[in-house]
Amino acid sequence: MAFSSCCWILLALTWCTSAYGPDQRAQKKGDIILGGLFPIHFGVAAKDQNLESRPESVECIRYNFRGFRWLQAMIFAIEEINSSPALLPNMTLGYRIFDTCNTVSKALEATLSFVAQNKIDSLNLDEFCNCSEHIPSTIAVVGATGSGISTAVANLLGLFYIPQVSYASSSRLLSNKNQFKSFLRTIPNDEHQATAMADIIEYFRWNWVGTIAADDDYGRPGIEKFREEAEERDICIDFSELISQYSDEEEIQQVVEVIQNSTAKVIVVFSSGPDLEPLIKEIVRRNITGKIWLASEAWASSSLIAMPEYFHVVGGTIGFALKAGQIPGFREFLQKVHPSKSVHNGFAKEFWEETFNCHLQEGAKGPLTTDTFLRGHEEGGGRISNSSTAFRPLCTGDENISSVETPYMDYTHLRISYNVYLAVYSIAHALQDIYTCIPGRGLFTNGSCADIKKVEAWQVLKHLRHLNFTSNMGEQVTFDEYGDLAGNYSIINWHLSPEDGSIVFKEVGYYNVYAKKGERLFINEEKILWSGFSREVPFSNCSRDCLAGTRKGIIEGEPTCCFECVECPDGEYSDETDASACDKCPDDFWSNENHTSCIAKEIEFLSWTEPFGIALTLFAVLGIFLTAFVLGVFIKFRNTPIVKATNRELSYLLLFSLLCCFSSSLFFIGEPQDWTCRLRQPAFGISFVLCISCILVKTNRVLLVFEAKIPTSFHRKWWGLNLQFLLVFLCTFMQIVICAIWLYTAPPSSYRNHELEDEIIFITCHEGSLMALGFLIGYTCLLAAICFFFAFKSRKLPENFNEAKFITFSMLIFFIVWISFIPAYASTYGKFVSAVEVIAILAASFGLLACIFFNKVYIILFKPSRNTIEEVRCSTAAHAFKVAARATLRRSNVSRQRSSSLGGSTGSTPSSSISSKSNSEDPFPQPERQKKQQPLALTQHVPQPQAPSTPQPQPQLQQQPRCKQKVIFGSGTVTFSLSFDEPQKSATAHRNSTHQNSLEAQKNNDALTRHQALLPLQCGEADAELTAQETGLQGSVGGDHHPEMEDPEEMSPALVMSNSRSFVISGGGSTVTENMLHS
């Protein structure tokens, strides 16, 4: 009796611990009991517990048809397993299912019932008492729904290692096996769902959203994960609010105010339906429309929110739903529900009343029978429903479940129901593994197996962790190390049904968590219906899109998603909208006008085909042609006096160097290459130095010839042709050394300059060393300066040697060109640098060619009469007379000044005719003064040998060459006449040479002694002040020569005058002339 009493006491405690009556549970006996937790109601009624009496369990309100369907799915799966011969044969599964009322407190009440029963069962009281009402232990629990509820349940069940398989709790916190040791689930965790939400926002190019989350273990972790994903994608969150079904009205209104004032059109919601319902109701009351709701799977298909009267607010919602499954026979099972037939389901009675809005007779504590049901109907009566305060009519019992549209019968997309079905089968397959376990291959110590008849919860948990089976849909079911079951999501869009006006969930895409990143999301935009029945994707950005060619610019104090569009700078581009930065174009490209792409830069250099390049090329070719023409003329007329007088060999070399100068300019035209860059400056420098070296040697040689007396063998030896070429080579060799050092140490190279202009690449030559270029040009200018000095010094030599004057002009042109070149070279860039240097080379080359050779070519071709030996001698004699006359004029002025100081008087010299004969006694006879001033004539006759006294016939002499030169001195003009006796050239030269030597002996220190042998009228007393500069002997060889003369030394004034047969000087009316003659 004692044990019997104890048994009844424990059973009573167990019964009381549950705090549930028969109508608040679904229960069926079996060999193995499975527990179930389902939200048959959405919440509990608020009650003030003032503790004036014994507290009672709160009442559940607002019936949940979908929760009842989920419960039906568990019962259907258990009955299907019990009827299956292949799965757990000879064993029966029972169940104990409780209503959580979507609250933690109710769920914990049910969980305590499971735990207490297991503890009582562990005492093995059956051995001591006959307990017919003994209930086996609950070896596993299916549930709960919300993550917050499952968290509380898991903490309690985990203490006793009772496996919990949830069908709808997706919080990622539940994957923590250190805290939730016995928790498993047949739904993916929210980590994938949050990532999928961020992918959708990125897909539609939204970046300005708001977030709302339930203030529980489902909403907070889910929205936190979403924030992390949004930050990685540069998605900004305008507001973030927490809600709860227990929030007061003021809190709800504050959240609604935030939503109403926000510019974000997209709102991401991590919440369950019950928690979100109060907020949606307030939004509907305020008629806030135009928002796009992005729903998590917990409310994406919630019947609380998906109501037709809310559609103008929530229409167009994009939500995530679990992959729909198929449960064969489940539809028929749902249709068979009836209070009289569902004897083990205490929730069927309330379901029937809520479905048909009627009430059933309150009966006994147990399930209603048909008689009781009918008797209650006959007796009538009424009661207040726990979900309504209105009186309802009695139910007839003949109502047709198919005639009423409720969420219970919405079996088209079985998602949560299928997860419940899968959870039950997972536990069944774990029990099957225990049932079929072979000793030695088990999961326990030493491969042992559990006893299926005495199986414990922890043993089932062990087999669940190693579960692997194939579902009825052919999918492999296995839990990972975190107890999660991987799965995919369907993307649904809320539409309004045209048939009955209800909200339907149309599948518009899917999210595959197993695919590669970037390939997981698929959306069919054509199927989406947005808020307001629009097909256009709504705009939910803080700023308008920045078009291609612009970038996003940060606004101070604003989130990164709020920006201004800034045009890309030149040289950068963006080819996409909302570019965060502009990409820099490659070096050889530049941005187009709109900065949307890069186009190839224009390549610019001094091209052969452009007008400027063509013009320079034509001028260079013209210079080459003219130089070649001059060279041809000089070769053809190489034996004429004018060619010989210019030193034929040096002239040929000079013309060759000018050819090189003109040719070197062509290296500056065309696209610069490394080899052209290394060749053009040395070619130009060496060519010009060779040219100027030739001019320098020629000018210096002529100057020395004209300053010398009658040329000696010394002059001929040291100023021979070999020495001239040696000097030219030495001068040129210095330039070659400079170029060689330059090319070895810092060789020039082609260079693509991107910095001068943005849209143009200038291909130029990088000189390598500006110092080397300075040395090259500086050395050239140094030689040119020396050449200019000698040319200027010999500018007054005889007219036929007047190339010194033209060389002076050419050197002036050379200096002007290159002095102008320096600032022009420094101030230009790109192709104009080469153009400036080409112009300088051509200008200098044309100056040298024109000044030195054009006059000679003109005489050779068009004035052949001047290209004779007589012309050369005539101009040379005139030059000698000029020198003597200047000396005489200077001395006459000095004598006049002396006479004036002594009181003497001077009169005009009368005109006279003087004849001078050469003899040894009186080489300079004094002329007789005449009384009357007449034109004067000075005649020199060469002494003739004595002839016999008897007259003899004289042979007719050949007419001798004769020339006249007018010389102007002050106010007077002197006409100089000169004739030559060619047959007596040698004798005359010998005689005059002897006479010259006698004069030199007397006037060795006089500056005019070089001309005294030629001018018998010249005074023997020299002016000590006369210098070489005063004689005007600064110039180059420019006169005509006798064909037999090979050297300019033969054209010196002394030799020319000594070769003359006679000369006559006449003039009149000039004191200067008279003084010159009488002196």
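Note: Cβ is positioned from N, Cα and C throughout, glycine not excepted.
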Swiss-Prot annotation of region 'Interaction with RNF19A' - which of the ranges 460-480, 670-690, 754-774, 880-900 it falls on: 880-900
Residue carrying N-linked glycosylation site as stated in Swiss-Prot, selected out of Asn594, Asn992: Asn594
Candidate sharing the L-tryptophan site with Ala168, Ser170, Glu297 (per Swiss-Prot), from Ser147, Ser182, Ser271: Ser147
For Thr888 (phosphothreonine): DSSP state (helix, strand, coil): helix
In sequence order, the recorded positions (Cys236, Asp238, Cys561, Cys565, Cys568, Thr888) whose C-alpha falls within 10 A of Cys542 (disulfide bond): Cys236, Asp238, Cys561
Per-residue pLDDT averaged over the topological domain 'Cytoplasmic' (855-1079), given as an integer: 49
By Cα-Cα distance, the member of disulfide-bonded residues Cys437, Cys449, Cys561 nearest Cys585 (disulfide bond): Cys561
The topological domain 'Extracellular' (746-769): DSSP-derived helix, strand, coil residue counts: 0 helix, 16 strand, 8 coil
Under 8 Å by Cβ from Cys562 (disulfide bond), same chain, sequence gap 6 or more: Trp208, Cys236, Cys542, Ser543, Ile555
Number of Cβ atoms other than its own within 10 Å, given for Cys561 (disulfide bond): 21
Cα-to-Cα gap, Thr888 (phosphothreonine) vs Cys565 (disulfide bond), nearest whole Å: 95
Pairwise Cα distance for Cys358 (disulfide bond)/Cys598 (disulfide bond) [Å, integer]: 76
Chain residues outside the topological domain 'Extracellular' (829-832) and at least six past its termini with a C-beta under 8 angstroms from it: 604-607, 753, 756-757, 760, 762, 764
